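Okay, so here's the structure we're looking at.
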Amino acid sequence: MATLDLMSISKSFGSAKVLHDISLAINDKEFVVFVGPSGCGKSTLLRIIAGLEEATSGQIMIGGEDVSTAHPVDRGISMVFQSYALYPHLSVYENIAFPLRVQKMEKAELDARVQQAAGILQLTDKLQLKPGQLSGGQRQRVAIGRSIVRNPKVFLFDEPLSNLDAALRGDMRVELSQLHRSLDATMVYVTHDQIEAMTMADRIVVLNGGRVEQFGTPMELYHHPKTKFVAQFIGQPNMNLIPATVSAADPTGVKVALSGGHEMVLPVDGGHISTGDRVEVGIRPEHVHIGDGGFPISVNVLERLGGVSITYGTVGDGVRFCASLPGDAQVQEGQPLALNVSPEDCHVFDASGDVLRRKAAPAIAVNG
Amino acid sequence: MMDKYTKLQLVGIYAAVTVFLIFILLPFFEMFMASLRPLEHLFRSPYQFWSDDFSFQAYSDMWETVPLLGRYIFNSVFIATAVTLLTMIFVVPAAYAYARLDFPFKNGSLAIFLGVNMFTGAVLLIPLYRVLRSIGLLNTYWAMIIPGVAFLIPTGIWLLRSYLEKIPRELEEAAFVDGASRLYTLRRVVLPLATPGLIVVGTAVFIGAYAQQFLFAITFNQQRELQPLPAGLFEFIGYQDVTWNQMMAAALTGILPVMVIFLFLQKYLVAGLTAGAVKE
C-alpha cells in the first residue's frame, strides 16, 4: 500500500509564499497529475514530496507513515527529472545501476535488476552506450529505468516529456500509461500541458498561485469545473467566457443577457446571485453549432484542420470567441455567423470566478 | 564558428596578433640565439644577428659549470608538483562548497580571497619569514611549498568554483534522491564531469607555482641542494664573468617540462576555458 497524503503543506521562500495549505489524499496505485501554469508551485510541491525541498509547515505521509523529514530513499520515492539528469560519463547500464551501486547491492542481483528494467524499457541493446549517443526518447527511458530499479513505492515525474518533440511526446504518453499499468505503482506527474494531464491521469490536481483549484477526475474537471480558472485551463481550445448580466435568478435557473444582447435561460443554481449581477457565461468551443436563433459572431480567422474547423471571431462588444465546428464547415472569414448552444452545455461563473452548480450536466462525471 | 570579417579586418587582426606574438616570443628567441653563441661572440661589436659559429656547446658545458643544475631542475618540478597537489587537495572541496552550499559569510570570504590575490608574495615576505622561522621550516622544501600553496589556493577556488557551478544541479539532485551522500556524489558524479576544469586549474596552479618559486627560494632557503632552477641560475654569475650563453641554455632547459605539459594539455585548456559557454 503506497498512499500519499499531503497535510496542510505550505512553503515560503523568504517572504514569498509559494504554496498555501495544500492537502491532498492520493490513493494507492493512482496516477495523479499536478497541472498548472508556470510558477503555480507544482514543481515545488513535487520537490517537497521528493524530499529535495523542505516544507515550511505541514506533513507528508507515504503508506500511512510520516516521512516529512525522511531522506528521499527512506521515503520510498524515485524521481524522473525534466532534463533526464543522466550522468553523461557513465554508460546506460551504469546510469540505471547507479541507485543500486549506492546501496552496494551484490553484483548478481544488481545485474538482474538492471537487465529487468532494461527489458521493460526496451533498452537491452543500448546498455553499453553513453547517454550522448541516445535519442531524446531513449534518454527519457534510461531516466525512467533508473527510477524503477529501486522498486520505489511512489514515482515522481517532473515534466518528463517537455524536452521531446510533439510526435515523440504522444508516443511516450502512451508508454508511460502502459508503464503505470504494468508497474502498478503510485505515480505523481507534474506538467503544464493539460493534454498530458487529461490523457494519462486517474485524477488531476489543478494548481494556481500555490493553491489547489480543484482535484478530480479528468471528466469531472471538464464537465464540472469549480472555478473559471479550471474551466479555462482544461479543454482545447480554451473555454469562451462571455460577460453577461443577470436579469432573473432563482435556484432552478438563471436568465442572462450576453454581451451583445442575446438572452438565454441557463439551468444552473442561481440561489446566491441576484438580478443585475455581472456574471460570465462559459461556452466550450466544441459545444456550439451553426443555427438560427443563436448569437451572431463575426469571423476573423478560420483554421481548417479537416476534422474540425476552428473559427475565431468576436461576440457582442468585441469579446473574443472561438468555435470548433465539425468537419469542413460552411464558414468564411470576414462573414457573420449565427451560433447556437444548448443551455445545458453552458457554465456560469460569478464575479469572484466560482461556478454556479450545473443542474443538467452529464451524470457520469460526478463519480468519474 | 562564424567567419564574417572583411579582408581589412582580417589584416588588422593578424597584424595585431603578430605584434603581440613578437612581443611575447622575442625574448625566448633571443635566449635561444644567445645560448647558441660562444661566450666571446656575445659581446662582439657590432652586434651580429647571425653568426656562422653557432653550436650547442653551452648545453653540455652548463652541467659542468653548475654541477647541481640537474638537481635544481628536479627541485623546480618537484616543488611545483607538490604545490599543485596540495593546492588541489584544498581547492576541490572548498570550490565545491562555494559552488553548492550556503554558509554564513560566503560572499565575504570569496571577496577576501580575491583581495589576497592582489598582494604579491613580496609584500608579505618579512612576516612570512618570521612565521616560517618560528615553526622551524626555514631551509626546507616546505619553506617554498607552504607559501606557494597559500598564495595559489584563492585563484584555484575562484577558477574551479565557476567551473563546478556549470555542472547541472539536477545531476546532484538525482544522485541525492537515489541515496548518494555528498561525498559519493562528488567522487562519482561531480569530479568525473569536472575533469577538464580540474586539468585547467591544475595547470594554472602548476604554472603559478613554477613562476613564484624564485622569491620564496631566495628568501626562505639557503640550502643549495634544495634550490629550484630560477635561484640556481644565479650560479652562472661568477666572480669574474657571467656565462650568459650557458645561463640561457639552462633557463630554456628548465622551461622545457612546462612547455611539454602545456602541449599535452592544450586541448583541455581550451575546452575547459570555454566549457558551458554553449549548451550541448
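One-based numbering along the chain as shown.
For all residues, glycine too, the Cβ spot is worked out from N, Cα and C.
Remember, TrEMBL labels are computer predictions, not curated facts.
Here is what TrEMBL records for this protein:
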{"type": "TRANSMEM", "residues": "B:12-36", "note": "transmembrane segment"}
{"type": "TRANSMEM", "residues": "B:72-98", "note": "transmembrane segment"}
{"type": "DOMAIN", "residues": "B:73-265", "note": "domain 'ABC transmembrane type-1'"}
{"type": "TRANSMEM", "residues": "B:110-129", "note": "transmembrane segment"}
{"type": "TRANSMEM", "residues": "B:141-160", "note": "transmembrane segment"}
{"type": "TRANSMEM", "residues": "B:189-211", "note": "transmembrane segment"}
{"type": "TRANSMEM", "residues": "B:247-265", "note": "transmembrane segment"}
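Counting Cβ pairs under 8 Å to the transmembrane segment (B:141-160), the top-ranked stretch among B:12-36, B:72-98, B:110-129, B:189-211, B:247-265 is B:72-98.
As a quick check, the transmembrane segment (B:189-211) and the transmembrane segment (B:247-265) clear the bar of 3 or more Cβ pairs under 8 A, pairs 6 or more apart, so the two touch.
Of the ranges B:12-36, B:72-98, B:110-129, the one with the most Cβ pairs under 8 Å to the transmembrane segment (B:247-265) is B:12-36. When Cβ-Cβ distances below 8 Å are used as the criterion, the transmembrane segment (B:110-129) is approached by residues 98, 138, 147, 151, 153-155, 157-158, 161, 212, 215-216, 219-220 of the same chain, each at least six residues removed from its ends. Counting only same-chain residues 6+ beyond the ends of the transmembrane segment (B:12-36), those with a CB under 8 A from a CB of the stretch are 5, 42, 49, 54-56, 58-59, 244-246, 248-249, 251-252.
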